[in-house]
Amino acid sequence: DPQQLELATSGKKKLRRFIVIDEVVDELYGSKVREYFEENNVQHKILALPTTEETKSMDLVLNILQEVQNFSIDRRTEPIIAIGGGVCLDIVGLAASLYRRRTPYIRVPTTLLSYVDASVGAKNGVNFLQCKNKLGGYTPPVASFLDRSFIQSIPRRHISNGLGEILKMALVKHKGLFDLLKSHGKYLLDTKFQSYGGSANHGDAALQTTRIAIETMLEELAPNLWEDDLDRLVDFGHLISPELEMRVLPSLMHGEAVNVDMAFMTYVAHVRGLITAEEKEQIIQCMRGLELPVWHGGCSWALIKRALTERLKHGGGQPRMPLPTGLGAAGTAARDSREPGQRA
């Protein structure tokens with residue numbers, strides 16, 4: 001806001017910011033964050049919290065809101081800043097949407113998964129009664145600041161976890177992205193999505209894959225931001241995985257659970273004649289190359305039936321089951337006859 005900037009630079013009004021940061025991120029980058037605000041003469045409060053699937057609850061939201069109230073922010077001009085992974089961004093987004101009915105907030109993702117998934121779109125939420133994101137809303141951030149240098153400090157498994165969501169977009173929307181993951185998957189894992197000028201054979205694979213993943217995600221989300229249309233290609237991998245992820249916590253991360261779901265649905269698509277045996281094998285081999293699990297012992301037939309029953313409730317009595325119809329194309333189970341790549 002130019003007016004706010006003028007007030008700040010003129011010294012008439014001191015800039016103030018309330019920041020929620022994941023406690024692990026705070027250990028790694030907290031000193032730099034504090035130094036940044038101090039050097040820019042910004043009055044700030046930094047709240048470091050354990051933001052995991054196990055702590056993703058209304059209790060943590062209320063904890064944040066109590067601190068926000070104590071800091072006494074201006075809900076129109078002082079956005080809350082969330083720095084962390086997807087859980088942190090979801091929790092802070094919900095807290096901001098509740099405070100004074102809607103307070104602006106900014107997302108700063110620090111994991112690969114949150115970089116390509118949670119930073120995009122309007123959804124926020126918390127887990128409730130052992131159900132993933134059962135409470136939440138649609139409040140987009142005023143901005144998402146993307147910086148891949150955060151990703152260099154996360155473990156290799158977390159890189160693979162984020163690749164699960166990137167692969168989802170490749171399978172339903174973009175054959176070129178699928179080819180990138182097949183060709184450069186191990187390199188991306190080894191280099192943790194950092195860009196290196198001397199890697200002629202790989203080009204800037206990190207920039208290409210993240211950009212395409214985000215662009216394809218936005219193509220799907222932007223026309224249907226509030227989910228008025230429940231036939232959503234981005235729901236591929238999210239039929240069984242919410243139930244599975246919550247039941248086996250903490251043995252599966254979100255992207256891993258999504259990939260188990262996608263692997264299962266890839267076989268379903270093959271049985272239904274939507275993809276060839278060769279395409280099915282290419283998908284499964286790509287998953288293995290990205291070091292993603294294709295099955296988990298907790299994925300029992302009873303769990304699958306429960307998950308599909310929940311899906312029917314969520315989908316207004318319709319299965320609304322996105323399935324691949326080729327490499328980089330998808331449709332829904334109810335509309336298998338449509339053209340490859342056509343939106344549900």
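First residue shown is number 1, and so on along the chain.
Any Cβ shown, glycine's included, is placed from N, Cα and C.
Feature annotations, courtesy of TrEMBL:
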type	residues	note
COMPBIAS	323-334	compositional bias 'Low complexity'
COMPBIAS	335-344	compositional bias 'Basic and acidic residues'
DOMAIN	48-160	domain '3-dehydroquinate synthase N-terminal'
DOMAIN	162-300	domain '3-dehydroquinate synthase C-terminal'
REGION	314-344	region 'Disordered'
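Taking DSSP states H, G and I as helix and E and B as strand, the domain '3-dehydroquinate synthase C-terminal' (162-300) has 91 helix, 0 strand, 48 coil. Secondary structure of the domain '3-dehydroquinate synthase N-terminal' (48-160) per DSSP (helix as H, G, I; strand as E, B; remaining residues coil): 48 helix, 28 strand, 37 coil.
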